[in-house]
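Worksheet: one structure, shown below.
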Amino acid sequence: MSRFAVKVAGVARTAIRRKIAHRAELFVLVLASLVPLFMMVIWMGIAKDAALEGFTPLRFAAYFALVFLVGEIVSSTAAEEVENDIHSGDIGSLLLRPFNIALYYFLSELASAMVRVIPVFFLVVGVFLFSEAGQYLHLSYLLPALLGVMLGFAINYLLYFIGGLAAFWSDQASTFDLVLTYMLTLFGGVLAPLTLYPEWMQSILEWSPFPYIISFPIRIIMGELTVEQLINGLLFQIVLVVAFSLLAHFVWAKGVKRYSVFG
């Protein structure tokens with residue numbers, strides 16, 4: 001095993017222990033993850049008598065089951081972790097490690113996803129295997145959907161990582177965390193499929209990152225996109241990852257410089 005792989009494995013193990021140790025944090029994340037299930041019940045009840053924009057109760061069940069799964073995969077605590085490390089001074093010791101700190105937090109997010117996703121994955125798979133909701137899955141689009149999920153994970157991580165870096169300048173950086181969470185919930189397809197939103201709002205959201213974190217990968221696997229929409233969406237996700245990576249690098253450099261002067 002290469003030295004880099006050993007370092008990666010070590011960081012991942014540390015991150016997993018850290019996540020498990022923060023049981024209160026895990027409990028809050030679990031509660032937040034139940035929102036799609038509540039929305040599933042609500043929308044299935046609304047569509048019981050008549051379909052909404054092609055959404056029957058069964059299609060709503062399939063959609064929100066996927067929101068539950070994808071939401072767990074992309075969920076991020078990077079803002080909170082970065083903020084805590086900056087305010088506690090632990091960021092100083094992390095800076096001394098021979099390891100890219102952004103990669104450290106990224107691996108921490110992957111470890112967190114591993115802890116959360118495994119039971120959710122089997123639960124959601126069971127829903128599709130033992131109900132008629134499986135008819136809304138188009139497995140021929142599985143690979144691009146997985147790519148969309150990975151890119152969505154990266155976009156969400158970068159957004160929260162940048163939000164956490166605000167702690168270099170403010171004691172209220174947690175506000176950014178809350179704002180991002182609310183924005184993703186409202187405009188990411190967590191409360192309702194974005195196709196049910198007014199067309200003018202859909203047009204605006206197409207140019208924001210939020211639909212490309214959860215909603216877009218789900219629309220791929222449910223076969224709702226044309227080939228052109230799929231390709232354009234994946235390309236836009238890549239553009240977002242590159243843009244936010246550059247922004248994160250810039251903000252990080254400015255923050256570390258400030259920390260070195262005033263810390």
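Every residue, even glycine, has its Cβ placed from backbone N, Cα and C.
Copied over from TrEMBL:
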- 26-46: transmembrane segment (TRANSMEM)
- 113-130: transmembrane segment (TRANSMEM)
- 142-167: transmembrane segment (TRANSMEM)
- 179-197: transmembrane segment (TRANSMEM)
- 204-222: transmembrane segment (TRANSMEM)
- 234-253: transmembrane segment (TRANSMEM)
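Contact between the transmembrane segment (234-253) and the transmembrane segment (113-130) is not supported: fewer than 3 Cβ pairs lie under 8 Å, counting only residues 6 or more apart in sequence. Residues of the same chain lying 6 or more positions beyond the ends of the transmembrane segment (204-222) and with a Cβ under 8 Å from any Cβ of it are 62-63, 66-67, 70-71, 74, 136-139, 141-142, 144-146, 148-149, 151-152, 155-156, 159, 183-184, 187-190, 193-194, 197, 230, 233, 236-237, 240, 244. Non-local neighbours of the transmembrane segment (142-167) in the same chain are 70, 73-83, 86-87, 102, 105-106, 109, 113, 173, 176-177, 179-180, 184, 209, 212-214, 216-218, 220-221, 230, 233-234, 237-238, 240-241, 244-245, 247-248, 251-252, 255; each lies 6+ residues outside the stretch with a CB under 8 Å from one of its CB atoms.
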